[in-house]
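Accompanying notes for the structure given below.
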Amino acid sequence: MPKMKFALALIIALTFSVAVAQTSSADHEPPISGIVVGVETDDSGNLTRFAVSDSTGAVNTFTIFDGTEYGLENQAGDRWVSTQGEEPSEAARRLRDHRERFAPITVTSENGTAFSVVEREEGKLETNLGYLFAVFAITWALFFAYVLYMGRKQRVLQHEIARLKCTIG
Amino acid sequence: MLNKVLDLLDPLLILSAALMGVALYLIFVWVPTETNQGAVQRILYFHVPVAWGSMMGIFVVSGSSFMYLWKKNEKWDRLAVASAEVGVIFGAMMLLSGMIWARPVWAVWWTGEAKLTTALILFFIYVAYLMFRAYFPPGTQRQRLAAIIGVIGAVDTPIIYFAANLWSQAHPPLVTGPAADAESALGSDLGTVLLASTLAFSFLFIYMVQTRYKIRKSEDDLVELKRASSASAMTGAN
C-alpha cells in the first residue's frame, strides 16, 4: 500500500513538473522579425520602448531592461554588440537608423520584454507569396487590357477609314 | 473572330511573348529563392524591367520631341505621343509593383525618399504631357508646346537613375547599368534572369509603341478624310 501511495505521488509529481515545464516554455515567445516602426526614449535619450511591424503588418511593442542584448549593423555592415545597461542611448540611435533604412531586425522576447535585438538573418519565405501574386496578376491584367484596347481601337479606325474612302469614292 | 485574333498577332508581339515565357520560366523555376526576402524578391524581375520601360519611354518622348522641334515632321510628334502613352502605362506598373513590394519588405506602401519621389515625378510628367495634349486646342502650337514639355521632362531621368546612390536611403543602390557599384551588382544567376526579363519587356514596349503609333496615324488619316468628305459634300451641294 505505501508503495502504491509512493507511485501515485511520483506520477502526480511528474505530471505537475511536465505541466510547469510546458507553462514556462509557453512564456518563451517565438522570435519576431520585422521593421522598426517606432522608437520611444526618455528625457535623457535612453531607449524605453520600440515597436516592430512583422510581415503580416501586425505591430508588436517591446519594453526593454538593462540586460537587453543588441547585435545591430550599420549601413556599412559594421556590427555593434552591447547591452541596454552599457549604452542606453546608443540603442535608440541604432534602432532609429534601422527604422530610416527599413532594415529588418529579429527580437526575442518574453511577455513583451525584449531579451535580444539582432539583425534579421532570414525572412519568412512562405508568408509573402500573396504579394508576388498580386504584382503579377494586377500588372498583367493591365497590360492585356491595354493591348486589347489598342487592337479594338485600331479595328474601329480602319473600319471608319474604309467607310469614308467608299463615301468619297 | 479568327481575323480579329490574326490582326492582334504581330512578329514583335510573338517575339516578346516567347521571351516573356522564357523569363517566367527563369523567374519561377530556374533562379534560386533569395534567402533574406524570400519569394517576394522575385518582384525585382518585374519591377526593374518596367522601370526600364518607363525610362525608355521618356527618352523616346524627349528624343522625338526634339526631332519634331527641329524637323517639324508629324511622324516625330506621333512617336512622342505613342511613347508617352505607353510610358505612362509602364510608369504606373513601376509604381504599383514597387508599392506592393515595399509593403512586406519595408512594412509601408510608400515612403518619401528620393528614388520613389523622382519616379513619381516622372509619372506626373507623362500624365501632364498627355493632359496638355488632350485639353489644348489642336494645331501646331499644341505640338510645339508639347514637344518643349517632352524635352524638359527628360531632365528627371538621370536624377531617378542616380537617386539611390546620391541620397542613400531605403531603396537599394543601382544593380545594373554603367553606374552600378560592383559590390551591389546582382550575382550571375540573378543577373541572367533580370537581363532576360528586361529584353522581354523591351520588346513588349516597342510593340506597344508601334501599335499606338499606327493608331495615331490612323486618327490623323481619319481627320484628313473627314475634311475631304465634308469638302466634297459642300462641292456637291453647290
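The backbone N, Cα and C atoms fix where each Cβ goes, glycine too.
Residues or ranges marked as domain 'Cytochrome c assembly protein' in TrEMBL: B:15-169. Marked as transmembrane segment by TrEMBL: B:12-31, B:51-70, B:82-102, B:114-132, B:144-164, B:190-209.
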Intrachain neighbours beyond the transmembrane segment (B:144-164), with Cβ under 8 angstroms and 6 or more residues off its ends: 55, 58-59, 61-62, 64-66, 68-69, 77, 80-81, 84, 114-115, 118-119, 121-122, 125-126, 128-129, 132-133, 136, 171-174, 177, 179
Other parts of the chain folded back onto the transmembrane segment (B:51-70), taken as Cβ under 8 Å at six or more residues beyond its ends: 76-77, 79-80, 83-84, 86-88, 90-91, 93-94, 98, 119, 122-123, 125-126, 129, 143-144, 146-151, 153-154, 156-157, 160-161, 198, 201-202, 204-205, 209
Closest-packing stretch to the transmembrane segment (B:12-31), where packing means Cβ pairs under 8 Å, from B:82-102, B:114-132, B:190-209: B:190-209
Folded-back contacts onto the transmembrane segment (B:82-102), same chain, C-beta under 8 angstroms, at least six residues removed: 40, 43-44, 46-47, 50-51, 53-54, 56-58, 60-61, 64, 108-111, 116, 119-120, 122-123, 126-127, 129-130, 150, 205, 208-210, 212-213, 215-216
